[in-house]
Amino acid sequence: MSGPRSSRRAKVLVLGALAGGLLASGFGPVVASAVAASTPMVDLGQASTYAVLSGASVGNTVNAVGAPHTTLRGDLGVKADAQPTGFPPGVVTGTTRVGNAAAAQAHADLVAAYDDVARRTGGTALAGDLAGLTLAPGLHSTAAAVANTGTVRLDAGGDPDAVFVFKVGGALTMAARAQVTLTGGARASRIFWQVNGAAGIGANAKFAGTAMALDALAIGAGTEVNGRALALTGAVSLDANEFYSGPPVVTIAGGASATTTDTTPTISGTTDVVAPRLVTVTIAGQALTAVPSDGAWSVTSAILANGTYPVTASVRDGAGNPGTATQQLTVDTVLPVVTIDGGASTTTNDPTPTIAGASDAAPGTVVHVTADTQTLSTLVQPGGTWNVTPAALTDGTRTVTAAVTDLAGNEGTDSQALTVDTTAPAATIDGGATALTDDATPDISGTADVAPGTAVTVTLADQTLTGLVQAGGTWSLTAAALSNGPHRVVMAVSDAAGNPAGFTQTLTVDTVSPFVAITGGATATTNDVDPTIAGTSGAAPGTVVTVSIAGQTMTTLVQANGAWNATAAFVGAGTWPILASAPDPAGNVGSARQALTIAVDPPVGSGGNGSTGSPGGTGSPGGTGTPGGTGTPGGTGTPRAAPFLTVSLSAASFKSIRGRRVQVPFVLSGPAKVTLTVLRSRSVVAKLSTTRRDAGRGRLTWNGKVRAKPARRGTYKLNVQAISPAGLVARDAATVRIS
């Protein structure tokens, strides 16, 4: 049905219902409906949100300033294009719709609801005056007008879903101060008055339910309507009325579930009831009340332990309609856990490192990460992990902080000292790029400027060796047996940041000693008490050859042709062991030995002269004379003792200034050849000699130079040796201090 029906047609529908067998008499003080259980709800459609809806007009009496005025707790609508009057001062808490499609649709739904009731049959006969009656749920109808001059009670019998439907065949009137009261859980939203005519409610009355009047609907001054005033064709008039057209609204801040860190939480919300009405809040056995102010309310709970608590906020409006809101409130004072992978400190060589961690906060919770001046955000993943990647960081150490806040507002944090290090460490192998050894199982060592305990790996031949860097930055490894020849050694190490470093060396293993030989072989003889010992060597030219004899140690160099020689000083007669040795670059030492005999011939006596032969004959002139005879040979001389030979220096020691000549005086007891040898630390630095001299005093002069340069300051030994023509040897020694 698209529009309001005529009064006549409505009456026909009602009368038709009555003709179906409804009783018109026999009312008692309590009237129960025979069809209560089958009475369906009346569907108002979009008209259900309206406190007042009219097909024609709505007028509200404007009273003096300060006097009560009408308050509609719901929408206000007029199908016709006629603005309601008296608003303001009248108040509409909902939406006002006039002459638009929404108002038309609501009116159409009202007409459909009206017709729905009109078509219903059966039910209980309705008395002409309801005063003093108690009515049960169900359909109640009459073809006549109905009045209420007192109080009528509607008892739902404990069923809050019970439906009351009243079909009034004529006008509905309520006297001043008349009341419709609800008991047994009856609700105004499930009570419907279909009036086939006009409806009028007296002043200061209390009406409950939805009035659907075909004609005009008048509400007396000061009357309270716990429901709706809906008129299909007539006007609706109001005067300082309070409309409660739906259950009162109450909300709890935070919605159906909330979390707090406060153990004495403040629970708050909103409501459309006003003082002196109260908001009652129940939680954990507490019943707390608050007086709403400007639509808001709040209460504070006593101390609550961690856990989840059901909260109920309830109100009743001026008509006694209940409104409730519920919430699951979780008290949580436990800080969420958030960690950063790597612990309190970590190092990386990545300037844009992924900073990751874990948290027990709910998936989707925001994690805030700060690094240097960067602030980054990410979400906790379903597995409890999180990660962010900052923009490029400079080398150095900075503090990274991760913070997460749980649903209760608890904040958990973690921090880390993050070091970015993109510089490779220095690493070396002792000996440099090339090295030589005579050890077939060499120690390979080096340095690395990494933390002590860092692993070092060395590969050579088919070996892989590992070791640790020591406190001083050194490392050492021992290889297994290597063959002679070059080997490529590769050392590798990484610092704490992961920067790699390495060093490569060519290591030559040489275990073959160089060849050394002494001229003369294993044994040799000489009469030189200052013998020159010579030989050859396979060592490289310039290699030092060390020669020892009679307590003397001399050094010389291998020449380009492999030869070498060294001269000893003042070696006496006898057989002396000689050792000559030379190393090669790998450290192998080659050596040769010789037994050198120094032999000095003793003096020999002279025999007498033989006799002179007789003269030969004189030859004839021109002829050759006869040769003279041969004399008798002289006799063999008898050996005699050599004269005693001595040599002595005139002083035990000398002093000289650097660069000056040194005069060495001596005394001979007989003729001899004199030799002066100057030594420093057993090494010969100068050697001088004279021709044969007779007995008596003499001197040798050292120019004070070594290899053409002034001798260094220090003490030098002066050895003097005299050898007589007969081979006798005499020696003496002194020192000179050059300063």
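Note: Cβ is positioned from N, Cα and C throughout, glycine not excepted.
For reference, TrEMBL has these:
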- 259-333: domain 'Bacterial Ig-like' (DOMAIN)
- 341-422: domain 'Bacterial Ig-like' (DOMAIN)
- 430-511: domain 'Bacterial Ig-like' (DOMAIN)
- 524-601: domain 'Bacterial Ig-like' (DOMAIN)
- 600-641: region 'Disordered' (REGION)
- 605-637: compositional bias 'Gly residues' (COMPBIAS)
| message | With helix taken as DSSP H, G or I, strand as E or B and everything else coil, how many residues of the domain 'Bacterial Ig-like' (341-422) land in each class? | response | 0 helix, 45 strand, 37 coil
| the domain 'Bacterial Ig-like' (341-422): mean pLDDT? | 95
| query | Tally of helix, strand and coil residues over the domain 'Bacterial Ig-like' (524-601) according to DSSP? | reply | 0 helix, 46 strand, 32 coil
| request: Over the span of the domain 'Bacterial Ig-like' (259-333), count residues by DSSP class, listing helix, strand and coil in order. | output: 0 helix, 44 strand, 31 coil
| field | Secondary structure tally of the domain 'Bacterial Ig-like' (430-511) (DSSP, helix then strand then coil) | value | 0 helix, 47 strand, 35 coil
